[in-house]
Amino acid sequence: MGTTASQLGKDSLAEYQELTFLTKQEILLAHKRFTELLHKDHKGDPHARVPMDRVLTLPELKSNPFRKRICHVFSTSEQKDGSLTFEDFLDLLSAFSDSATLEIKSHYAFRIFDFDDDGTLDSGDLEKLVNCLTGDTDDTRLTTEEMRQLISNILEESDIDKDGTVNLSEFQHVISRSPDFVSSFKIVL
Amino acid sequence: MVFVTCKDTVTGRACCVVLCTTEEQNLVKELVGLSTRDRIRAIRGLSMSFKEKKHIRLQSHAFRCFADCSENVSLVSVSLIIKQYNTNNQVLIQWSCFKLFSQSFRRCGYSIKSARQTLKLWQSIMKEIGGRFGTSVLSYFVFLKWLLMFNIFSFLVNFGFITIPLLVYDPSPNIPPNVSFTGLEMLTGAGYFTYTIMYYGGYSNETLVGLVKYDMKLAYFFTIAYEFKCCLSCFPCLCLSLYSMASSFKKNYVLADPTSNSAWQLLSSWDFSITNERAVRQRKNNLRVQIQESLSDKAQRQLLTLSEKLKHLGVYLGFWLLSTSLVVGCGVSIYYLCQYEQPAETLLVPFVVSLMNLVVPLLYSLFNKFEHYSSHRRQIYALVVRNILLKMSILAVLCYYWMNVVAKKFSCWESVVGQALYRLVIVDFLFLMLGSFFGEFLSNVIGTRLIPRLGVPEFDVARNVLELIYAQSLAWIGIYFSPLLPAIQILKLFILFYLKKVSLTQNCQPPRRTARAAQMQTIFIALLFFPFFVGSLSIVAYTAWRLTPSEQCGPFRGLNSTFSVVGVWMDDLHEIPGSQWVIWIYENIIKSEIFYFLMTLIIMAIIYIFWQVTQGRKELIGLLRQQIVNVSVLYMCL
């Protein structure tokens, strides 16, 4: 614990505490886990990037059906390859932490569910979302008819301006009525 | 491009800040106007990447310190002044001492927050349970932990304010010579324990004179009252830590249609904290089944004919009648058993009570299988309400027996009641352990080896939470009669946690129905907490108000009722100058009926106003929705 703290620097730690929802313990633990993922050449570099497939070896993300989308959403890399720096990793943990606000969580949930990154959830996105959550193989998929009905139920419930897609405000509105969301949208190391 | 250089005490470097787009400038202008705490909170809540947040923070700090140092400089004039310099001019700004002080104060707050986290009990076990079984099972363990904390607090308060003064003043209990300690007392609570500080009878009614004058009567009365008040006011913390009762009530019962089986609620309740591969696959299967069921439910709901509806109604009424008669039968049999059991020191009554609490809910689950409820949620509510009725009536019968028969028959009746409660708590604990064995271990064996069709059992959150609440209400009633009963409860809850955890991980599978967990928790907590807590409180209040304390033992001997201790104290206070205001408050506010009448009127008026506001808002929401649709249709036409 002592060596990790000195690697991180008291001022950086204070800055991270101010800008994220994480506590000091959580930040130090995140730093420890992140440095384990780093290639040994990069271990001193504060701006080093960890490629996506190494991030996905974390046990908290390994079985998550949205793991690839999570990496893409929080990654700030130019090549859009889902690689994360330590600050991206802290962003991720902060959005998924206990103390994050509903607004932050719903904002990131929207971006995670938006598979084609166009800023709205249309039927294609919703279909991919349902498949992610119910199983993607042939015998576990919903039938076409069920899928169609489910998507029309979803749109009926959440599409307030009736344009056939769910935008961020509509999503946040429907999510705010779901009391399970804040407590389920959580990843803790 | 404009440069502003300032020395940032957080990172300790001089940094250059470049002011960029107008959007950012607007955001920064807003942030600068806030106080430091609000600004930090606002920046933390921005949905941007870390780098961008850092950038915004530096900008707002730069503006703020520039504005602080040059007095009466508005933000507009600051940016004008900066724009006047050309690109290579730099302005050095120093932080003021005041900023340093507020910063160290904030860092202190952070370290307190981190320290609190390390002290949390059982953190890793709860995380493991949450990861494998999801948040609804976890809520049971959170609730157990909260009860444990409350019991620890309760025990410390009781021990500190009532027991320690007595022990300091008179360390040796006055036990009659022919009674000695045998091991059996641990189970029955009678014999040797009767004369110790374990029960009400062991406390004296004197004013202890030592370093200060300590009135035992007042201490006892106010300590018990304080504990009940703390439980009531700590309860919102529990709700916040479970699932924010108020907001889910408001959002589910005001804005949403409570009968809709919302697709979004199913989808958005995916538990991201599950880490076990098998659990994830199971969840996916369960979710698919639930979605398919809800799709077919919606289609089927209109298909019931009138005769089928009448038939269902008849079946419901029949089973409700049957359950109520079971409850009445249990109550009556316990009453006669109490009267028959002489002397009242055997374990027969607690044994029968716990047996009924174990067997009758199983019968209710059986009834549930024959009734066909239209929704799963109604099924759970019916089961829970029946179980509550059973437990409350058993407790009511026991209390009636204690208040009416025991209070008149025995000389030191409060200790007798305390012993009865002690025995109930111990036997209840034994049965909880047995119940864990039968409920989970045997079901697992039956479900996997003997009848594979049944499958691995689920952890029944409803039943377990109810058992916890019942056990706790025994402790609540017992606080008055046996001040050290919370110690037993602490031990019980502590062992129960580990027992349930082992039983859960070895024998159960995660629950199949995942959605609606939080909503049901809300209803549970309201349904379970209020009847039991209010019931326990009213029993204790009735005892304190109406029943005559026993003559020979206890802190209230010789008085007409326990409440009269306050009257006696008020009379004593007449002699002490400077305490007139206490007497005035007592005479004119607590004792006058008009005050309570006025308070009730005011509260009712407030409730009515809020209700009307809610109705008005519902209408407004409907109108606004229509407006949105109209505007978007118009927009698409243009």
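Cβ coordinates come from backbone N, Cα and C, glycine included.
Automatic, uncurated: that is what TrEMBL annotation is.
Same-chain residues lying 6+ beyond the ends of the transmembrane segment (B:146-169) with a Cβ under 8 Å from its Cβ atoms: 197, 202-204, 208, 210, 214, 216, 219-220, 223, 226-227, 230-231, 234, 237-238, 241, 468, 472, 475, 479, 483-484, 486-487, 489-490, 493-494, 497. Feature annotation from TrEMBL assigns transmembrane segment to B:146-169 (among others).
Marked as transmembrane segment by TrEMBL: B:181-200 (among others).
Per TrEMBL, transmembrane segment is recorded for B:220-243 (among others).
Here TrEMBL flags B:313-336 (among others) as transmembrane segment. Taking Cβ pairs closer than 8 Å, the transmembrane segment (B:313-336) reaches residues 349, 352-353, 356, 360, 363-364, 367, 370-372, 386, 389-390, 393-394, 396-398, 400-401 in its own chain, all 6 or more past its ends.
Per TrEMBL, the feature transmembrane segment maps to B:348-367 (among others).
Among residues of the same chain six or more beyond the transmembrane segment (B:379-403), those with a C-beta under 8 A of the stretch's C-beta atoms are 323-324, 326-328, 330-332, 334-335, 338-339, 349, 353, 356-357, 360-361, 364-365, 368, 371, 373, 413, 417, 420, 424, 462-463, 466, 470, 473-474, 477, 520, 523-524, 527-528, 531-532, 535, 539, 542-543, 547. According to TrEMBL, the feature transmembrane segment maps to B:379-403 (among others).
As annotated by TrEMBL, domain 'TMC' applies to B:412-518.
Long-range contacts of the transmembrane segment (B:474-499) within the same chain, counting only residues at least 6 positions beyond its ends with a Cβ under 8 Å from a Cβ of the stretch, are 122, 141, 144-145, 147-148, 151-152, 154-155, 158-159, 162-163, 197-200, 203, 220, 223-224, 227-228, 231, 395, 399, 414-415, 417-419, 421-422, 424-426, 428-429, 432-433, 436, 532-533, 536-537, 539-540, 543-544. As annotated by TrEMBL, transmembrane segment applies to B:474-499 (among others).
The transmembrane segment annotation in TrEMBL covers B:520-545 (among others).
Tertiary proximity for the transmembrane segment (B:594-611) is limited to same-chain residues at least six positions away from its ends with a CB under 8 Å from its CB atoms, namely 588. TrEMBL lists B:594-611 (among others) with the feature transmembrane segment.
On the 0 to 100 pLDDT scale, the domain 'TMC' (B:412-518) averages 83 in the predicted structure.
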